[in-house]
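Participant: This is the feature table in TrEMBL:
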type	residues	note
DOMAIN	8-72	domain 'HMA'
TRANSMEM	117-134	transmembrane segment
TRANSMEM	154-174	transmembrane segment
TRANSMEM	308-332	transmembrane segment
TRANSMEM	338-361	transmembrane segment
TRANSMEM	638-657	transmembrane segment
TRANSMEM	663-682	transmembrane segment
Amino acid sequence: MNKSLEVLTTELVIGGMTCAACAAQIERSLRSFDGVTVTVNYATEQATVTHPAHLDPATLVAEVERAGYTAELRHATRCEEEPLRGLEERLIISASCAAGVFAPAVIPALGVPGWEWVALALTLPIVAYGAWPFHRARTLVSLGILASFGWSLWNLSFAVTAAITLIALTGAYLEARAKRHTGTALRALYDLGPKDATLLRNGEVIHVPADRVTVGDAFLVHPGEKIATDGVVIEGHSAVDASGLTGESIPMEVGAGDRVVGATVNAGGRLMVRATRVGHDSRLAQITRLAEAAQSGKTEVQRLADRVSAIAVPVVLSIAAATLVAWLGLGAPAPDGIGAAIAVLIIACPAALGLAVPTALRAGTGRGAQLGILVKGADTLERARRIDTIVLNKTGTVTEGRMRLASVIAAEGESREEILALAGAVERASEHPIARAIDEAGGSVLPVEEFAALPGRGVEGWVAGKWVLAGRRELLVERWGELPDSLEKALAEAVGTVIVVGWDGLARGVLVIADSVKPTSARAIRNLKALGLSPLLLTGDRASVATRVAAEVGVNFVLAGLLPEGKVEAIRALQRQGRVVAMVGDGVNDAAALAQADLGIATSTDRAIEASDLTLVRGDLRVASDAIRLSRRILTTIRGNLFWAFAYNLVALPLAATGLLSPVVAAATMALSGILVVANSLRLRRFR
Ligand code: ADP
Ligand code: MG
């Protein structure tokens, strides 16, 4: 019945596009199918199509081909060299032929009668073969070349036609070359994937391709080798270099029990690792997907540029025709009028306009990926520009989140060992940093039943026949009434995060947990302030801990003791005051707040990616200010590009129409504007 309820996303690699108008055309033809949404990115030569499951991807490919382009389903490695080599070939052949056409001007002896027929024979391949990419895709340049050629036939002088084509082709070639560089970062990510793995199966060592590892497999990583996939170290001790994946330059020490990420490099001793995530679920796959998504999104400005490109052809044709009519009407000689009309056709091709957004996005988000910054969508950039307030979560964001149990305080008649063992057992099932600290210290092996996590409040479950509750003070008070006086006193005196533990209707102990501020946090907060943002600390932990951390890192505003809903409400309140709010968090109990913020920045790729706009692959808070700076820089670059592309068309068009720009100069300017835009975008690759 509901055959089209299920929706698939298909990625296509598109070939043969030479300006943004092509992308728009392909989008139009694919949208002719019911229920299809599509974005075609001219710079990445990629189409992202969401379509009903009953629509075969092969049909999509066929439709793109019908529109005059090539398409194939995307595989991890793509070959982009081909179109570039094709252009190079056309350029060399056209240049050789053009040399013959220009020869009489340089060597007058060649100006023998009848030479114009040789010149015609040499111009034909230039116009037919050399200019083919323009005939296929850049209507205006193609028309300019053809009109010029027609005029050459009339007066038997071919130099202008040859020159225009050659210049336009050189421009397209240089543009394609530079454009390729904008994508190097993403390609580096594709190449990062480990190739093979050394598996231990049934006591035997076997070598397999890395994609054959399955969850639960144990594999060996020798010094210098890449870790085959995400996993947990089960044996050995080493340092892991993640610089290729996250930009983090300092290797991290790992030992048994620590998590490691696939595609990072084992820089020390031999490790044995048990695979926890493979293939599509791995961190590398996740990062690659995010990096790709950023590049194929479209900003508002891009959509505007696309609309302009789409109406450019009829508008410019009318201007060119009007130019010709005006010149002839004013009694000017035909060659002057025709020259001006041809210059209009060539100059007005919106090639630079089509490159303005995608090349900047590609170079900028690619650079981001190298630095461990993943921008979710192009629209994020606009929001990153407007934020004025930055809300920082405490646990795991400003602090290490690697918590340690500092002390156990038992109520009268209770045993500290029992408190720790029972609390450790329930916490084992939770993924909160607090839980890990308690679990590690408790070393409990007791199983837990009917476990439940109460987000931002605590955990509960059956352990050894007892109903155990561990969490914030309010939780236990709410369930079982006032705490014994001895525990209230311990809570008031304790320095640090405190967890109350109880079972069978009675609070019986307090666990004090210590966390340290990340050494980089204070610096990071200075950087954020330097960007003009006012920082605010937000936490579910109690106020005494929060104010101490805030003072240590230089934050003046603190919102403490909040439940997850309270965090959302706090953000909303700031927004009601007219603030534009960014929030940084790890997603444990703050995913909803991240989503409520105008700009959500997640400091882990595991959680909260859905709710965030920016993901920082590394925990270092300094990357947050880099991410905001980078987003703003990409946006500035896009605006600069658009300005130059538009300004060039606006200034050059009247000059061409009034005959102040010859067709040859028009071709040179057109080529130059495209190259300048790409070069401007490439500056983003040096962002630091
Ligand atoms: P933050 O906002 O600083 O990251 P959370 O909102 O994650 O802190 O947690 C707030 C409080 O909720 C903690 O200080 C703790 O008292 C309680 N809590 C959360 N998760 C747990 C858990 N797994 N076990 C015990 N207490 C918890
Ligand atoms: Mg947190």
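A Cβ is built for glycine as well, from the same backbone N, Cα and C atoms used for every other residue.
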Participant: Please identify the stretch among 117-134, 308-332, 338-361, 638-657 with the greatest number of Cβ pairs below 8 Å relative to the transmembrane segment (663-682).
Facilitator: 338-361
Participant: Using a Cβ cut-off under 8 Å, which residues of the same chain at least 6 positions beyond either end of the transmembrane segment (154-174) come close to it?
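Facilitator: For the transmembrane segment (154-174), the nonlocal Cβ contacts are 18, 84, 87-88, 90-91, 94-95, 97-98, 101-102, 105, 116, 119-120, 122-123, 126-127, 130-131, 133-134, 141, 144-145, 148, 335, 342, 346, 351, 662-664, 666-668, 670-672, 674-675.
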Participant: Under 8 Å between C-beta atoms and at least six residues away from its ends: which parts of the chain pack against the transmembrane segment (308-332)?
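Facilitator: Tertiary neighbours of the transmembrane segment (308-332) are 19-21, 24, 139-140, 143, 338, 340-342, 344-345, 348-350, 353-354, 653, 656-657, 659.
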Participant: So what's near the transmembrane segment (338-361) in sequence-distant terms, Cβ-Cβ under 8 Å and 6+ beyond its ends?
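Facilitator: For the transmembrane segment (338-361), the list is 18-21, 23, 41-44, 138-141, 143-145, 147-148, 151, 164, 168, 171, 175, 178-179, 182, 294-295, 297-299, 301-302, 305-306, 308-309, 312, 316-317, 319-321, 323-324, 327, 378, 634, 637-638, 641-642, 644-646, 648-649, 652-653, 656-659, 661-663, 665-667, 669-670, 673-674, 676-678, 680-682, 684.
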Participant: Which sequence positions outside the transmembrane segment (117-134), separated from its termini by at least 6 residues, show Cβ-Cβ distances below 8 Å to it?
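Facilitator: For the transmembrane segment (117-134), the sequence-distant neighbours (Cβ-Cβ under 8 Å, at least 6 residues beyond its ends) are 18, 86-87, 90-91, 93-94, 97-98, 100-101, 104, 141-142, 145-146, 149, 152-153, 156-159, 161-162, 165-166, 168-169, 172.
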Participant: Helix, strand, coil: count each for the residues of the domain 'HMA' (8-72), based on DSSP.
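Facilitator: Here the numbers are 22 helix, 23 strand, 20 coil.
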Participant: Let me know the model's mean pLDDT on the domain 'HMA' (8-72).
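Facilitator: For the domain 'HMA' (8-72), the model's average pLDDT rounds to 83.
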